[in-house]
Amino acid sequence: MSLHSSLDPKAFGRVAVLFGGKSAEREVSLKSGNAVLSALQAAGVDAFGIDVGDDFLQRLASEKIDRAFIVLHGRGGEDGSMQGLLECAGIPYTGSGILASALAMDKLRTKQVWHSLGLPTPRHAVLTSQADCEAAAAELGFPLIVKPAHEGSSIGMAKVESVEALIAAWQDAARYDSQVLVEQWIAGPEYTVAVLRGEVLPPIGLGTPHSFYDYDAKYLADDTQYRIPCGLSAEKEAELKELTARACEAVGTQGWARADVMQDASGQFWLLEVNTVPGMTDHSLVPMAARAAGLDFQQLVLAILADSVEARG
């Protein structure tokens with residue numbers, strides 16, 4: 001399948017770009033959604049935006065909508081609930097379906113699926129109490145990374161190097177999610193790899209002076225480094241792309257997605273997570289990877305939208 005869309009922009013009909021929502025990633029979604037909306041309108045698509053709120057069901061019933069471009073990050077938009085609602089309404093939409101969206105949003109279940117298939121992912125534990133923190137420290141050792149199981153954009157994440165810091169980080173992460181994970185820290189370079197219409201795009205190497213690629217490094221900092229080409233040998237880059245393809249296939253992603261991967265000192269890659277509605281801001285990674293593959297931002301959003309026609313009519 002070609003990365004480029006050959007469809008006339010008018011063939012998409014009236015497109016609702018869904019963004020905002022109520023998740024902790026609302027501000028990122030607003031930026032992503034407005035960027036997508038502007039690009040679609042500039043391309044000649046009959047697109048309009050909906051900031052998804054309490055009146056969304058009324059908007060859905062009252063507006064003429066031929067298809068939806070989902071740019072909702074986090075819970076309520078990326079977790080299968082919006083996908084299920086649109087399925088019930090008979091409205092085709094971009095990206096992954098209900099099951100893959102729900103699975104990818106749940107970091108614990110995603111890791112369990114990968115582990116069952118023999119795909120490498122860091123050792124982990126679930127934290128529900130101070131005793132869990134102490135047991136995880138004894139089993140996994142330090143340093144560790146703490147993360148809410150159902151949040152994105154590195155919200156609520158922290159790197160810790162003591163039991164006391166682990167307990168504090170667990171308590172902080174629990175403000176965002178009732179399920180908190182702690183993972184073995186993988187020391188080494190981080191890569192992110194996008195998949196678009198079944199094709200793995202050029203990997204991006206990430207560098208930051210922060211202790212890890214956190215929210216500030218992703219969206220605010222000007223000192224974050226992005227390497228395209230990623231700096232790997234041809235053989236290791238091919239291995240990384242193949243691992244990403246297998247990881248996304250295991251989850252069942254569709255249309256577009258992005259996987260985050262670490263590499264340890266021995267050269268081993270470790271899967272962290274998959275995002276089914278990646279960011280589309282001026283700092284975002286999928287647009288960077290698409291540019292490296294020869295697609296500008298407008299061509300990228302048209303390709304994502306075209307997949308909704310080919311996959312869902």
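Any Cβ shown, glycine's included, is placed from N, Cα and C.
The model shown is predicted, which means the values in this text are computed figures rather than measured ones.
What Swiss-Prot says about this one:
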DOMAIN    111-306  domain 'ATP-grasp'
BINDING   137-192  ATP binding site
BINDING   Asp260, Glu273  Mg(2+) 1 binding site
BINDING   Glu273, Asn275  Mg(2+) 2 binding site
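In this structure the C-alpha atoms belonging to Ile186 (ATP binding site) and Asp260 (Mg(2+) 1 binding site) are separated by 12 Å. With a 10 A radius on its CB, Gln179 (ATP binding site) counts 15 other CB atoms from all the protein chains. Of the listed binding-site residues, namely Leu144, Ala165, Ile186, the sparsest CB environment within 10 A is found at Ala165.
Cα distances from Gln179 (ATP binding site) to the binding-site residues Asp260, Glu273, Asn275 are smallest for Glu273. In the three-state DSSP assignment, the secondary structure recorded for Asp172 (ATP binding site) is helix.
Here is what falls inside 10 Å of the CA of Asn275 (Mg(2+) 2 binding site) among the binding-site residues Ala158, Ala165, Asp172, Asp260: Asp260.
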